[in-house]
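**Q** Reproduced below are the annotations present in TrEMBL:
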REGION    B:1-32  region 'Disordered'
DOMAIN    B:148-209  domain 'Spo11/DNA topoisomerase VI subunit A N-terminal'
ACT_SITE  B:Tyr177  active site, O-(5'-phospho-DNA)-tyrosine intermediate
ACT_SITE  B:Tyr177  active site, nucleophile
DOMAIN    B:213-249  domain 'Type II DNA topoisomerase VI subunit A all-beta'
DOMAIN    B:258-428  domain 'Topoisomerase 6 subunit A/Spo11 TOPRIM'
BINDING   B:Glu263, B:Asp315  Mg(2+) binding site
There are 2 protein chains.
Amino acid sequence: MSEKKRRAGAAVAGAASSSKKPRAAASYAESLRSKLRPDATILATLRSLASASSSKSKAAAKSLADHDPSADPTSSYIVVADQDSSSVTSRINRLVLAAARSILSGRGFSFAVPSRAASNQVYLPDLDRIVLVRRESARPFANVATARKATVTARVLSLVHAVLRRGIHVTKRDLFYTDVKLFGDQSQSDAVLDDVSCMLGCTRSSLHVVASEKGVVVGRLVFADDGDRIDCTRMGVGGKAIPPNIDRVSGIESDALFILLVEKDAAFMRLAEDRFYNRFPCIILTAKGQPDVATRLFLRRLKVELKLPVLALVDSDPYGLKILSVYMCGSKNMSYDSANLTTPDIKWLGVRPSDLDKYRVPEQCRLPMTDHDIKVGKELLEEDFVKQNEGWVKELETMLRTKQKAEIQALSSFGFQYLTEVYLPLKLQQEDWI
Amino acid sequence: MSEKKRRAGAAVAGAASSSKKPRAAASYAESLRSKLRPDATILATLRSLASASSSKSKAAAKSLADHDPSADPTSSYIVVADQDSSSVTSRINRLVLAAARSILSGRGFSFAVPSRAASNQVYLPDLDRIVLVRRESARPFANVATARKATVTARVLSLVHAVLRRGIHVTKRDLFYTDVKLFGDQSQSDAVLDDVSCMLGCTRSSLHVVASEKGVVVGRLVFADDGDRIDCTRMGVGGKAIPPNIDRVSGIESDALFILLVEKDAAFMRLAEDRFYNRFPCIILTAKGQPDVATRLFLRRLKVELKLPVLALVDSDPYGLKILSVYMCGSKNMSYDSANLTTPDIKWLGVRPSDLDKYRVPEQCRLPMTDHDIKVGKELLEEDFVKQNEGWVKELETMLRTKQKAEIQALSSFGFQYLTEVYLPLKLQQEDWI
């Protein structure tokens with residue numbers, strides 16, 4: 001759509017939507033449109049952001065390498081890493097050979113299993129993620145207390161071996177159903193699967209056991225999904241479903257200047273339909289709420305390979321910030337895998353608590369925080385990843401003081417396309433992220 | 001993968017997975033592999049199924065046209081239909097002009113709103129779907145009881161008009177946020193939106209108000225999503241996200257012989273990774289659980305345009321059957337839209353209660369039905385859409401008698417690829433659907 005046409009259309013929607021709302025807020029919101037500079041100016045801003053991010057990533061990559069404790073068994077932390085099938089297979093072979101040798105020498109066999117307990121998880125500020133302290137416990141077969149679990153462990157090792165040999169991927173549920181009698185309950189095979197990841201020092205996706213996917217992506221991105229070349233500028237409004245098995249993703253290419261991480265699919269749809277990525281070259285992705293493993297892996301992969309800045313568009317509530325924390329620092333129950341699941345240095349673009357007043361979001365589009373919201377907000381203030389960022393602390397304090405929250409969709413009160421035509425361009429122009 | 005390679009691979013997995021399971025069941029399951037005839041024979045079966053479905057669809061289309069009550073305002077039923085933007089716009093214009101004329105003549109204005117109450121919904125066996133009995137109530141502005149609702153109705157009409165003029169799509173949530181003060185609660189704007197659909201005699205998607213999408217599709221299908229040509233054989237393992245706005249879907253082409261409707265994404269992933277559609281030309285889609293509106297619209301569109309038989313692969317539990325009923329007959333709260341959302345004549349391929357014994361699914365992979373399951377199962381026996389199909393009644397009775405249920409994933413107990421290599425090909429070969 002031409003600039004002129006776009007503006008004319010917006011004026012129509014503005015007029016249509018202002019009849020019953022406080023006129024002051026709506027006309028102020030419209031007045032922000034005049035603050036927008038030409039797209040070329042905004043693009044120049046984004047280009048310098050992208051190149052800064054790229055050089056910073058290189059520095060960060062170096063510092064990660066300096067601290068990388070995954071390879072070293074004498075290190076005090078466990079950080080598992082992606083491994084290819086043959087490497088995982090040979091690690092399993094080594095484990096099984098060691099067990100066989102131990103049995104033949106009359107000592108039975110025992111697995112050394114790293115502890116994944118919460119008390120064993122620490123946040124490393126240098127790495128900006130949660131990792132596991134190296135503390136292993138023995139799981140001997142010749143012991144009434146551990147015989148069953150040792151058997152389950154051996155069985156999971158053998159199943160993973162079979163999956164890798166066939167070159168396929170399965171879900172946790174599939175794995176459970178191969179031996180319901182032994183596993184009894186899926187939580188047991190799931191837990192041992194995590195044990196096996198830690199024992200082998202590889203990610204769960206390296207084991208070819210995948211989670212279901214729910215994320216979608218559109219924008220300036222080309223990649224291969226299981227060998228099929230996907231051009232994400234040609235995926236219509238629906239977008240491309242993010243593949244469940246990240247190791248089948250290859251050939252990532254992009255001319256984007258940033259990655260726009262969106263919490264909700266409604267906002268994603270608006271951005272996709274307006275082809276926002278054609279005006280401001282970017283990659284847009286969403287996990288449709290709580291981030292799933294596949295989307296987190298995909299985002300990290302994009303960030304690592306493309307070295308692009310990641311800007312996040314989430315609801316202005318504690319839950320929005322919680323979602324950012326999962327992308328950035330991982331969730332507690334997969335801490336051992338955090339290195340491969342987390343994307344550090346995500347910028348909080350919006351909707352931020354301070355935006356509510358800055359953009360004069362009408363009172364009736366704001367929602368009062370519930371007691372539970374306030375409790376979660378206060379807990380977040382205690383989290384290391386929030387404390388680290390002064391801007392975030394201030395925003396969170398604003399939220400807790402005003403006791404107000406708002407969804408991304410609240411911007412629709414200024415017109416359905418206000419998000420893509422005014423709010424986001426202005427945010428980008430003003431480099432208004434923290 | 002060559003036939004030989006596939007069989008060799010399966011033997012490996014079979015060996016790996018049989019160690020702890022009742023050997024009889026596993027070896028029986030393996031023995032079924034030998035029953036498989038060459039793919040060419042199975043394909044011949046499918047070809048005749050596809051051509052039968054195509055000619056039957058023509059007959060059905062005729063009978064639908066005979067009964068189609070949507071166009072006729074004197075008919076006793078309301079069945080809304082898809083309308084293009086200009087047609088919806090002119091319907092809104094007509095409504096508003098009538099209101100204006102009424103106001104100018106001193107009679108104020110009033111909307112005639114069809115009742116969408118449950119008591120007003122009937123199942124029409126001829127059409128095989130739920131429709132709305134035509135019964136309208138007046139919603140005058142000059143009445144304390146209805147003034148607010150009449151205002152909301154007028155506002156929603158004006159918002160829809162603005163959306164259509166801009167040629168965009170919005171979500172229900174967007175619509176709500178354009179006037180929170182008036183709507184108060186999203187349930188109110190949602191309800192009036194449904195009223196407006198009925199008043200205008202068009203589907204909600206014709207109003208360009210869309211639901212979020214969660215379905216994915218792969219297989220022998222090419223279509224355009226907002227002008228982008230999508231080849232679903234080249235969508236990797238992740239598949240293509242089904243677009244939220246069906247009216248942007250065009251140019252549907254396919255050389256598939258059937259549509260495989262899958263309940264769960266785990267089974268979808270197995271089929272996609274094994275590229276099942278290359279062996280047996282088909283279109284595979286899933287809504288990942290409870291069907292969303294976008295997936296239902298998409299399935300119907302495929303069925304209508306391609307006239308292919310639809311085979312369903314769901315869990316063997318009442319919930320699986322319930323999902324089939326939503327695809328086939330619609331859900332009660334969108335009955336007015338049922339003509340456009342439902343896909344009649346879906347065949348129940350599996351997993352059926354009788355399959356559990358037929359394929360000797362091990363006891364430990366079956367789950368006992370809960371009291372709630374049994375209650376839902378008994379309710380389903382009373383539903384017209386079940387009663388109509390003798391085979392379904394028998395299966396449901398088997399389920400309720402054995403009090404056992406099973407997931408699609410239970411077939412993994414015979415090897416991870418048993419589903420795609422033995423179970424489904426044998427089902428297709430034996431034309432084992434009801």
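Note that the numbers count up from 1, one per residue, in the order the chain is shown.
Cβ atoms here come from the backbone N, Cα and C positions, even for glycine.
For each feature listed, report its degree of burial, its nearest neighbours and the pertinent distances within the displayed model.
**A** Taking the Cβ of B:Tyr177 (active site, O-(5'-phospho-DNA)-tyrosine intermediate) as centre and 10 Å as the limit, one finds 29 other Cβ atoms among all the protein chains shown.
Sequence-distant neighbours of the domain 'Type II DNA topoisomerase VI subunit A all-beta' (B:213-249) (same chain, 6+ residues past either end, Cβ-Cβ under 8 Å): 82, 84, 169, 205-206, 255-256, 260, 265, 268-269, 271-273, 277-278, 281-288, 291-292, 294-295, 297-298, 301-302.
In the three-state DSSP reading, B:Glu263 (Mg(2+) binding site) counts as coil.
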**Q** Using CB atoms and a 10 A radius, I'd like the single residue among the binding-site residues B:Glu263, B:Asp315 with the highest neighbour count.
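**A** Buried the deepest by this measure is B:Glu263.
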**Q** Taking each of B:Tyr177, B:Glu263, B:Asp315 in turn, which of these recorded positions have a Cβ less than 8 Å away from a Cβ in chain A?
**A** B:Tyr177
**Q** How many Å separate the Cα atoms of B:Glu263 (Mg(2+) binding site) and B:Tyr177 (active site, O-(5'-phospho-DNA)-tyrosine intermediate)?
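**A** Cα-Cα, rounded: 33 Å.
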**Q** To the nearest whole angstrom, state the Cα distance for the pair B:Asp315 (Mg(2+) binding site) and B:Tyr177 (active site, O-(5'-phospho-DNA)-tyrosine intermediate).
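**A** Distance between the two Cα atoms comes out at 39 Å.
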**Q** Average the per-residue pLDDT over the domain 'Spo11/DNA topoisomerase VI subunit A N-terminal' (B:148-209) and send me the rounded value.
**A** 90
